[in-house]
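Lifted from TrEMBL, the feature list:
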- A:3-282: domain 'Dihydroorotate dehydrogenase catalytic' (DOMAIN)
- A:LYS42, A:ASN66, A:ALA67, A:MET68, A:GLY69, A:LEU70, A:ASN123, A:ASN188, A:THR189: substrate binding site (BINDING)
- A:LYS42, A:SER43, A:ASN123, A:LYS161, A:ILE187, A:GLY213, A:GLY239, A:GLY240, A:GLY261, A:SER262: FMN binding site (BINDING)
- A:CYS126: active site, nucleophile (ACT_SITE)
Amino acid sequence: MYTLTGLKLKNPTILAAGVLGTTGASLCRVAREGGAGAVVTKSIGPAPKTGHSNPSMVRLDCGFLNAMGLPNPSYPGFLQELEFAKNNSSVPVIASIFGGNPAEFAEVAEGLLSANPDAFELNVSCPHAEGYGAAVGSNPCLVEAVTAAVKDVVNVPVWVKLTPNVADIRSIGTAAESGGADAVVAINTLKGMAIDIESGYPVLGNRSGGLSGKAVKPVAVKCVYDLYTALEIPVIGVGGISSWEDAVEMIMAGAAAVQVGSAVYDRVDIFSEIGAGIEAFLERKGYSDIKKIIGLAHEMV
Amino acid sequence: MLPLNATITQITEESPMVRTFFFDPGFEGLEPGQFVMVWIRGVDEIPMGLSRNNSITVQKVGEATSKLFELKEGDSFGLRGPFGKGFTLPVKGEKILVIAGGVGAAPLSPYAEAAFVAGAEVHTILGARSTGDLLFEGRFDALGKVSVSTDDGSKGVKGFVTDILKSLDVAAYDRIAVCGPEIMMSSVFRLLEERHVLEKAEFSLHRYFKCGIGVCGACCIDQSGLRVCKDGPVFTGVQLIGSELGKYSRDASGRRVKI
């Protein structure tokens with residue numbers, strides 16, 4: 001058993017937001033069959049949104065590009081899904097939420113409280129939703145205010161998911177910490193684009209989107225490495241993790257736990273595989289505890 | 001995989017609202033029942049069942065399909081796939097029942113043909129609103145027995161595919177493949193459930209697809225959480241016991257919508 005911001009996880013792997021998190025049943029499936037230590041929902045906002053037109057996700061040689069556009073049924077529409085996930089999964093369920101300002105974030109958090117999420121993850125990092133996500137998350141003052149507003153209305157841990165599309169992610173992490181965040185999650189996708197050369201059309205319905213998967217792992221490792229030095233609160237690493245080796249690397253950069261997103265493309269049970277791989281690695285190397293390797297890379301040079 | 005450029009080689013008018021678009025290049029090694037994502041550039045990308053390894057058969061229902069209907073031979077669209085899990089092919093000597101309603105005949109016709117080639121005995125129940133809407137009757141006719149139902153009684157039995165199904169000894173078939181409007185599929189499901197033959201049946205579901213490749217989770221069905229785009233679109237009857245089939249689906253925002 002592993003403790004993260006007070007939550008008990010059977011292993012340090014967590015389903016990332018926006019992936020298999022639209023319904024309560026699929027969240028439960030990732031916990032049950034996938035072996036995730038915790039699951040994060042799709043990002044939920046104040047009003048129903050259908051998202052961008054398709055194509056909304058394509059696979060590239062080096063990763064995935066997506067521009068979903070925060071589709072969600074709004075917090076009243078999502079309550080029954082969150083309740084189902086809470087009642088039927090044995091792992092912590094974290095509600096990912098978004099809004100355009102501190103008041104909207106607080107409204108959504110309060111609106112979901114009756115379903116008893118184990119924590120909230122604030123999406124201030126989606127790179128392709130106008131007025132939301134990274135539009136909020138690239139402004140340190142706004143990140144601090146949003147975090148403080150949610151902390152004011154909930155009594156469960158609050159994580160803040162950061163965008164790498166900023167000059168210095170540490171300043172945003174520090175703002176979240178000042179606002180009272182219990183942890184930060186790094187990173188969300190990197191801005192990206194693909195063009196169909198036969199027609200000249202941008203491939204994504206939204207024209208541009210966010211890059212995830214293998215290509216972003218080195219960027220995520222660097223962001224986690226930098227945040228680990230700058231912050232007192234735990235850093236949860238996410239970005240391009242598809243194997244236990246990737247997870248160990250992220251943990252050595254300073255991650256207290258890892259989230260996995262695009263890699264469910266290959267197999268839903270990737271969480272069990274990564275969790276078991278980490279355990280076997282710790283045993284082989286003689287580490288008594290995962291804590292012995294969190295931020296290990298900082299001690300080496 | 002970025003969308004490949006598919007050139008329309010031929011357009012066949014199947015009925016006033018249904019057209020088949022043949023395209024080049026086609027797909028080799030197709031599993032009947034798999035689907036493709038058809039990108040009508042600048043408009044939308046929609047999932048479509050393949051009616052052959054080089055054709056899609058489309059009903060005009062919304063903005064994207066209307067734009068598709070404006071395309072001419074020589075024009076092109078983007079195509080990704082084939083994706084998902086198709087129907088299980090029978091082995092030689094098996095008796096199969098194919099139940100097709102409306103454009104549900106599109107993915108079932110290559111399945112019935114592959115089953116015939118494999119040496120199965122094929123019986124098709126083909127349903128539509130009226131005679132003019134019966135899809136691929138000739139293709140099914142070439143494979144074995146075809147029982148027809150039309151809502152208006154203009155051909156075959158007046159009524160639904162289930163009216164024919166009720167009169168059959170379903171236990172005599174080794175496999176049952178179903179595709180059509182969800183109301184029809186759920187009626188068939190209930191009938192097969194009552195007759196205790198769900199383990200022989202496979203259903204091809206439609207749900208709103210966002211990513212189409214199994215990552216986003218927009219098409220997951222209750223209570224299993226299985227993804228229609230990747231774990232399906234073809235599911236066994238047993239996988240659908242107690243599911244949302246025939247009750248509700250979800251729209252693009254994830255809200256439940258009654259069937």
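Cβ atoms are placed via backbone N, Cα and C, with glycine included.
Feature map: TrEMBL annotations on the structure.
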| residue | record | DSSP class |
| --- | --- | --- |
| A:LYS42 | substrate binding site | coil |
| A:ALA67 | substrate binding site | coil |
| A:ASN123 | substrate binding site | strand |
| A:ILE187 | FMN binding site | coil |
| A:GLY239 | FMN binding site | coil |
| A:GLY261 | FMN binding site | coil |
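Cα proximity to A:CYS126 (active site, nucleophile) (within 10 Å) is found for the following binding-site residues from A:LYS42, A:ALA67, A:GLY69, A:GLY261: A:ALA67, A:GLY69. If you take the CA of A:GLY239 (FMN binding site) and look 10 A around it, the binding-site residues you hit from A:LYS42, A:ALA67, A:GLY69, A:ASN123, A:THR189 are A:THR189. Contacts of A:GLY69 (substrate binding site) defined by a Cβ separation under 8 A and a same-chain sequence distance of 6+ are given as A:LYS49, A:THR50, A:GLY51, A:HIS52, A:SER56, A:HIS128, A:ALA129, A:ASN206, in order along the sequence. The separation of A:GLY261 (FMN binding site) from A:LYS42 (substrate binding site), Cα to Cα, is 11 Å.
Confidence over the domain 'Dihydroorotate dehydrogenase catalytic' (A:3-282), given as mean pLDDT on the 0 to 100 scale, stands at 97.
Taking every pair among A:LYS42, A:ASN66, A:ALA67, A:MET68, A:GLY69, A:LEU70, A:ASN123, A:ASN188, A:THR189, the residues listed as contacting substrate, the largest Cα to Cα separation comes to 16 Å. Each residue contributes its Cα atom, and for A:GLY261 (FMN binding site) and A:ASN123 (substrate binding site) those atoms are 15 Å apart. Residue density at A:LYS42 (substrate binding site): 27 other Cβ atoms are found within 10 A of its Cβ, drawing on all protein chains shown.
Using a Cβ-Cβ cut-off of under 8 Å to chain B, the binding-site residues A:LYS42, A:ALA67, A:GLY69, A:ILE187 reduce to A:LYS42. A straight line from the CA of A:ASN123 (substrate binding site) to the CA of A:ILE187 (FMN binding site) spans 11 Å. Cβ environment of A:ALA67 (substrate binding site): A:HIS52, A:SER56, A:MET57, A:HIS128, A:LEU204, A:GLY205, A:ASN206, A:ARG207, A:SER208, A:GLY209, A:GLY210 lie under 8 Å away, each six or more residues apart in the same chain. Cβ environment of A:ILE187 (FMN binding site): A:SER125, A:LEU162, A:THR163, A:PRO164, A:ILE169, A:VAL216, A:VAL219, A:ALA220, A:CYS223, A:VAL224, A:VAL238, A:GLY239 lie under 8 Å away, each six or more residues apart in the same chain.
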